[in-house]
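S.K.: Per TrEMBL, the features are:
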DOMAIN    33-387  domain 'Ammonium transporter AmtB-like'
TRANSMEM  12-30  transmembrane segment
TRANSMEM  50-68  transmembrane segment
TRANSMEM  75-97  transmembrane segment
TRANSMEM  109-128  transmembrane segment
TRANSMEM  135-156  transmembrane segment
TRANSMEM  201-217  transmembrane segment
TRANSMEM  229-249  transmembrane segment
TRANSMEM  285-307  transmembrane segment
TRANSMEM  319-340  transmembrane segment
TRANSMEM  356-385  transmembrane segment
Amino acid sequence: MPSRYLSFRCSVPWLILFLQTLFLIHFFLGFPDVGNIYSPSDFYPEFQDVNHMVIFGFGFFLMVLRRYGFSSTGLNFLLIVLGVQCSVLVEDLLVFLRVQQSEGGMRSLAKAVVSMAAVAISTGAVLGKANPVQLIVMSLVELIFFYVSRCINRTFLQVPDHLTLMHVHLFGAYFGLAVTSRFPEPPPGLDKNRSTPKSDLFSMLGTVFVWVFWPSFNSILADHKMETVLNTYFALAVSAVAAFMLSALTSKDGKFRMTHIHSAVLAGGVTISFTARSLQHPWMAMILGLLGSVITILGSHCLQRCFNPAFKLQDTSGVHFTFGLPAVLGAVAAVVLRVIEKVFSTQQSHLSSLGYLIFVDVGAFCQTISTALITGLITGLILNIKLLKTVHVSKYFDDQFYWEVSF
């Protein structure tokens, strides 16, 4: 067996051991107030839903490649359990630096799990191309930059904390696209980057789990939980119905395409994430769900035929049109709804503050996507240094490089 195959024994275990030791030291020294950590909390039901969604849902959602199933689920699980601990560490560091207030243990843990959705989304863009060391490094770096982006929005633009967390789809998608642009393209004759009916079935199972738990994801830190849950569900329901309709209309033979269903049924949850707590009528959420499904299916055709070849991007699991475009639509919809709300308001003071509120919404969106793209490009360059042992393109999309596989 070539030495490069054995080199992961000398890198992955020791990197994991180093990180886990660091996290243990942090928990040993960084939590003197034990009563605050274990204080009673009503976050557990929503936390449990989001935990299922991120670990089980995204793990199977990423099983789109026929020879990369072990890595899709196994490495996603590894990244989540490491990343949650890193996220809690970053939260405590921000409290130590007096950037934010200290919160209860369960609330902090819930925010950490939600933040890991950005990593799961970005992993979908580089799926099959990055080795475990690169994925671990990418996850930790992305989490740090995501928290920096949230702090900028919260501190300078006065964006509420729960809304800064809902930028997770936008940040994760464009960070992942920027990272994957720095990896070499696979050779044209490589056929391992395709799906099979079995991998599509498992991936759809993950999509269903993500779909079911998405209302908890959007409402876990929201002030108006019931409104957020109901609006999210209506948006998801309409996007799912529209996905089947548009898939049959846009396919050549009039049949449903699993790739359309796999991505478009989630579009409503992404699109509604910025406005779910503020919508007063269910029909508005339903329209956003419909538009999210439309932009996902149409975007998949345009991006795969025009955008991705022009920029030499290989978005393995389609995170751009599954999460990126609906997140952009949701951010634009939030600005439009804000304008409509203020224009039809009877109070003159609301109109006078309209310009500032639009600046805040647009500024938060532009800052998030710019930070994601710039830091993603930097991270992609870092991941391709020789020390991190970039995989040769002929070894892309194959479990045998990392797992014991028997056929």
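Counting begins at 1 with the first residue displayed.
Placement of Cβ uses the backbone N, Cα and C atoms for every residue, glycine included.
TrEMBL labels come from automatic prediction, so no person has curated them.
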S.K.: Is the transmembrane segment (319-340) packed against any residues at least 6 beyond its ends, judged by a Cβ distance under 8 Å, and which are they?
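M.R.: Apart from its flanks, the transmembrane segment (319-340) reaches 121-122, 124-125, 167, 169-170, 172-174, 176-177, 262-264, 266-268, 270-275, 278-279, 284, 288, 291-292, 295-297, 299-300, 303, 307-308, 313, 354, 357-358, 361-362, 365, 369.
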S.K.: With pairs closer than 6 in sequence left out, are the transmembrane segment (229-249) and the transmembrane segment (356-385) joined by 3 or more CB pairs under 8 Å?
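M.R.: Taking Cβ pairs at least 6 residues apart, the transmembrane segment (229-249) and the transmembrane segment (356-385) are not in contact, as fewer than 3 fall under 8 Å.
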S.K.: Go through the chain and flag residues at least 6 beyond the ends of the transmembrane segment (201-217) whose CB is under 8 A from any CB in it; none is fine as an answer.
M.R.: 45-46, 49-50, 52-53, 56-64, 69, 114, 117, 195, 228-229, 232-233, 236, 240, 258, 261-262, 265-266, 269
S.K.: Is the transmembrane segment (135-156) packed against any residues at least 6 beyond its ends, judged by a Cβ distance under 8 Å, and which are they?
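M.R.: Beyond its ends, the transmembrane segment (135-156) has Cβ neighbours at 12, 15-16, 19, 75, 78-79, 82-83, 86-87, 90-91, 94, 99-100, 115-116, 118-119, 122-123, 126, 164-165, 167-168, 171-172, 175, 179, 364, 367-368, 371-372, 375-376, 379, 382-383, 388.
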S.K.: Which bits of the chain, at least 6 residues beyond where the transmembrane segment (50-68) starts or stops, bring a Cβ under 8 A of a Cβ in it?
M.R.: 76-77, 80, 110, 113-114, 116-117, 120-121, 123-124, 127-128, 192-196, 198-200, 202-203, 205-207, 209-210, 213-214, 216-217, 220, 262, 316-317, 397-400
S.K.: Grab the pLDDT values for the domain 'Ammonium transporter AmtB-like' (33-387) and give me their mean, rounded.
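M.R.: Result for the domain 'Ammonium transporter AmtB-like' (33-387): average pLDDT 88.
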